[in-house]
């Protein structure tokens, strides 16, 4: 079955369709990871996006029940050079094509993904639509140009109701802006008691749970659209230790008076080098974001930059000068990706311990 990708600049890529036969539109982005496609396509941060994978062969080890980052993928499409029809791995339970059909996600294979990636790098992120060949291309282009960027992605992927995960250790409130499952697992591995709450939870509701710390999760979209999160974080500063990841990092920055801006084509992949400014040490990190904190906006804030991207110098980590709070733009939980930054969860545990000790001695 032939299928095409139409971009808002008029570019057309014709290839073979797989997965669902739905017509879907969204922001077309690219991911440079070589493995981890199951975790990637189930990452809620990709809500509403059509994802191009730059590695040429995808699907060769199949899909299993353990590697999902959410059970209901929110991506609007998947584009690959070649989709493997016959996966081979002892953990495999179904093919990529089978999963996409079940989750109603359209796929496109057999196109020049390198050309598409170069196009996005040159012109910036573009809106696109996956559709059959018998459509009016010019009409689709005009519709894409006229379609506003959604502002409700976080509400689509955040938990509807709070829930509790018992544990003998530190009590953590995990604010779900589109949380990856492995963030919760990292807290559970450290024996934390976790309360997962929706994105619109107020600071008063958080404090009522008596947390030792608050973790602000990853999520999709423009951080400026999540005003509830900014207000909540602002009202929590100084009252409880904070740790922000990805979107949570951006919301933390906004709450402290900084600004964010959209990147030309974003950072998406499991091979992004990050430098810690104080030591010069390099970590290879998993990343998935289209926005960044503007360094010039930090001048009149109490924030300092702790980490920066090696490739383009953008901010990858922040810490508060006064309060026990820090954040990173990348994903220390990996999944998929390297575990160089996994120690940040241990740092969060130590921050909660030291803050509690300080409170007892005051």
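Using N, Cα and C of the backbone, Cβ positions are placed for all residues, glycine too.
These features come from Swiss-Prot:
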REGION    1-168  region 'CPSase'
BINDING   45, 219, 221, 247, 250, 288, 290, 291  L-glutamine binding site
DOMAIN    171-358  domain 'Glutamine amidotransferase type-1'
ACT_SITE  246  active site, nucleophile
ACT_SITE  331  active site
ACT_SITE  333  active site
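Feature map: annotations from Swiss-Prot on the structure.
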{"residue": "45", "record": "L-glutamine binding site", "Cβ contacts under 8 Å, 6 or more apart": "178, 180, 218, 219, 220, 246, 247, 288, 289"}
{"residue": "221", "record": "L-glutamine binding site", "Cβ contacts under 8 Å, 6 or more apart": "47, 48, 150, 151, 153, 154, 247"}
{"residue": "250", "record": "L-glutamine binding site", "Cβ contacts under 8 Å, 6 or more apart": "223, 244, 260, 289, 291, 292, 293, 329"}
{"residue": "290", "record": "L-glutamine binding site", "Cβ contacts under 8 Å, 6 or more apart": "27, 29, 125, 262, 263, 266"}
{"residue": "331", "record": "active site", "Cβ contacts under 8 Å, 6 or more apart": "180, 218, 245, 246, 285, 286, 287, 288, 337, 341"}
Does anything in the same chain, at least 6 positions from residue 333 (active site), have a Cβ under 8 Å from its Cβ, and if so what? 180, 182, 183, 185, 186, 245, 342, 345
State, in Å as a whole number, the widest CA to CA span among the L-glutamine-binding residues 45, 219, 221, 247, 250, 288, 290, 291 given in the record. 13
Cβ-centroid neighbours of L-glutamine site 45, 219, 221, 247, 250, 288, 290, 291, 8 Å, sequence order: 178, 218, 220, 222, 223, 246, 289
Can you check what DSSP calls residue 250 (L-glutamine binding site), collapsed to helix, strand or coil? helix
If I take every residue in the region 'CPSase' (1-168) and average their pLDDT values, what number comes out? 97
Return one of helix, strand or coil for residue 221 (L-glutamine binding site), based on DSSP. coil
